[in-house]
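TrEMBL annotations:
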- A:12-29: transmembrane segment (TRANSMEM)
- A:41-63: transmembrane segment (TRANSMEM)
- A:101-119: transmembrane segment (TRANSMEM)
- A:131-154: transmembrane segment (TRANSMEM)
- A:179-203: transmembrane segment (TRANSMEM)
- A:232-252: transmembrane segment (TRANSMEM)
- A:264-293: transmembrane segment (TRANSMEM)
- A:305-324: transmembrane segment (TRANSMEM)
Amino acid sequence: MGQILQFGINGLMSGAIYALIAVGIVSVFKATKVVNFAHGYLIMFGAYFYFTFAVLLPGMSWAPAWYVSWEPAWLVEMKEGLPMFSPLGAVLDWLTNLPRVIIGLIGALAANAVVGLIIERVLMRPLMGQSVFAMIMVTVGLISVMSGGAQLIWTADANYVPSLAPNTPIRFTLFDTQIFLFGTDLVNAVIAVLLFGAIVAMVQFTKGGVAIRATAEDQSTAYSMGISVPRVFARAWVLASLTGAIAGAILATRNGVSPSLGLFGFSVLAIVLMGGLDSYVGVFIAALVVGVLEAMTQWKFGGDWAGIVPYVAVLLVILVRPHGLFGQKEVERI
Amino acid sequence: MLSIENIEVTYHHTVQALRGLSLEVPKGRIVTLLGTNGAGKTTTLKAASNLLRLENGEVGEGRIRFKGEDTRHIAPDMLVKKGLFHVREGRRIFAEMTVEDNLIAASYALDGRPGLKADFDKVYDFFPQLRERRKQIAGYLSGGEQQMLAFGRAMIAQPEMILMDEPSLGLAPKVVEEIFETIRRLNAEDGTTMLVVEQNAGVAFSVADYGYIMESGQIVMEGDVPTLRNDPDIQSFYLGVGGEGNVRQSFRDVKHYKRRKRWLS
């Protein structure tokens with residue numbers, strides 16, 4: 001019993017990250033009806049931008065000292081005399097990295113937004129009015145371009161980046177079980193869930209969200225309401241790039257930066273299909289389910305199986321419900 | 001206000017839909033455009049609202065001017081902001097969104113037009129049913145209510161001119177009357193110019209000042225509504241009066257037929 005809780009919580013936390021990745025795919029699909037196969041590589045670019053602004057730039061000879069390592073007097077003073085591996089020590093270590101983390105995130109967000117805009121402007125917009133299939137094929141082509149591009153720019157070596165939050169171990173008791181978590185994982189999951197919630201609320205309750213939903217349903221009628229459809233498309237791509245940048249930074253802190261990060265996009269695509277391509281709620285639930293399933297498989301059958309079992313589940317769901325768990329079939333008038 | 005000068009429209013570079021069509025809608029008037037299926041009425045409206053390009057259609061020759069400005073290079077959403085609103089055939093409401101969100105979507109037409117604010121209450125006062133169903137998914141409204149919603153969206157956008165594509169399509173006569181009453185009111189109260197495309201000449205003539213008849217991509221006849229109403233061809237083709245065999249003696253018989261149908265609905 002004890003273990004199941006521990007693994008369940010681990011699963012929920014990685015599920016939240018999947019959800020954050022999935023939200024980019026769903027947003028682009030909702031607005032433009034394009035399934036973005038290259039979303040994983042957009043995330044990889046986000047990770048590399050984070051790496052650039054948090055590791056490469058501080059490594060330059062001209063980088064100011066506070067950027068490389070922030071050590072104000074009070075911090076140094078507090079650090080002195082702390083025992084090894086103390087929780088406070090972890091927080092203080094993270095504080096020294098704080099400027100790098102913040103500049104890294106801001107840089108990743110900005111640079112990735114530019115990449116998303118370029119993709120939309122240069123590759124997608126000229127295809128507007130053509131069949132959606134053409135655009136989907138372009139995203140497939142983008143996979144090679146982006147993974148090759150990343151290797152050219154940043155080389156293919158795996159690299160490590162500072163984590164987004166202090167890596168303090170957290171221990172607590174839940175239902176008489178000792179639970180052990182890493183602080184970073186918890187903070188990452190919370191960031192992911194909050195971002196997800198914010199985006200869903202934006203789409204459901206704001207005027208901008210109305211424009212996205214209207215465009216999703218009927219592009220030419222959205223036009224005839226005075227909604228600038230190209231602008232909605234651009235916004236959807238920027239939204240996907242921004243969430244992709246955060247997701248990329250999180251994945252980079254967990255697994256290191258390497259071109260193989262792009263592969264995450266494919267497993268998340270399966271999750272998105274399971275939840276229903278255009279349903280935020282369905283995708284969120286599917287992401288958590290797959291996360292937990294993965295953790296449970298890892299626990300019972302070992303890591304080799306963990307990559308397979310959840311996706312078999314996805315296949316089964318799609319067999320039974322082709323629109324996904326919560327995918328919207330068209331509203332029929334009664 | 002809107003002038004279409006001798007336009008030709010082709011779809012996919014091959015299918016010619018309009019061949020040298022011209023028409024003129026003066027400010028503050030209601031003009032109707034009649035014709036049978038496939039005559040090119042909807043294409044004419046799409047050409048005017050620039051939605052044609054989204055469907056691989058293209059205006060070749062001729063030009064369209066709205067308030068004196070050539071519309072060729074104005075994006076459809078900008079045209080709406082300049083005051084030309086197109087209520088499309090088959091209503092085209094956003095079926096998965098609520099009634100209120102449908103109206104909010106139309107308020108995008110007011111962006112960048114200082115001094116204008118979306119007046120939801122005005123729409124709800126015109127159509128009290130919509131107020132009751134404000135939070136409902138629009139796809140579950142009845143056909144008549146959907147047409148009201150489509151009209152409501154036009155009102156939110158506060159256009160100077162509305163292009164209406166077959167507002168009577170698939171509606172009960174009583175509802176049609178209500179919709180045309182709204183057209184009349186909007187024209188009288190707000191001075192909104194209207195171009196109404198119809199197959200139902202009877203109702204169209206009841207509100208319009210001037211009419212155009214089109215056939216296979218061209219205007220074949222035009223004139224003031226009283227003149228058109230008395231034209232023998234129009235009477236037999238569009239008003240269902242006369243014709244061989246079953247000759248109706250007077251307009252009263254037609255009226256009788258209409259009244260009965262209304263009673264049944």
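Backbone N, Cα and C atoms are what each Cβ position is placed from, and that goes for glycine too.
Just so you know, TrEMBL annotations are computer predictions that nobody has curated.
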* Contact call for the transmembrane segment (A:12-29) and the transmembrane segment (A:101-119): at least 3 Cβ pairs under 8 Å, seq gap 6+ -> no
* Asked: In the same chain, which residue numbers or ranges, 6 or more beyond the ends of the transmembrane segment (A:179-203), come under 8 angstroms Cβ to Cβ?
  -> 5-6, 9-10, 12-14, 16-17, 19-20, 23, 27, 30, 90, 163-173, 209, 212-213, 239, 243, 246-247, 250, 253-254, 280-281, 284
* Asked: Taking a Cβ cut-off under 8 Å, which residues six or more beyond the ends of the transmembrane segment (A:264-293) line up next to it in the same chain?
  -> 7-8, 11-19, 21-23, 25-26, 29-30, 35, 37-43, 196, 199-200, 203, 216, 251, 309-311, 313-314, 317-318, 323-328
* Structure fact -> Tertiary contacts of the transmembrane segment (A:232-252), defined by C-beta under 8 angstroms and 6+ residue spacing from its ends, are 17, 20-21, 23-25, 27-28, 30-32, 36, 39, 42-51, 104-105, 108-109, 111-113, 115-117, 119-121, 124-125, 128, 161, 164, 188, 191-192, 195, 199, 208, 211-212, 215, 222, 261, 264
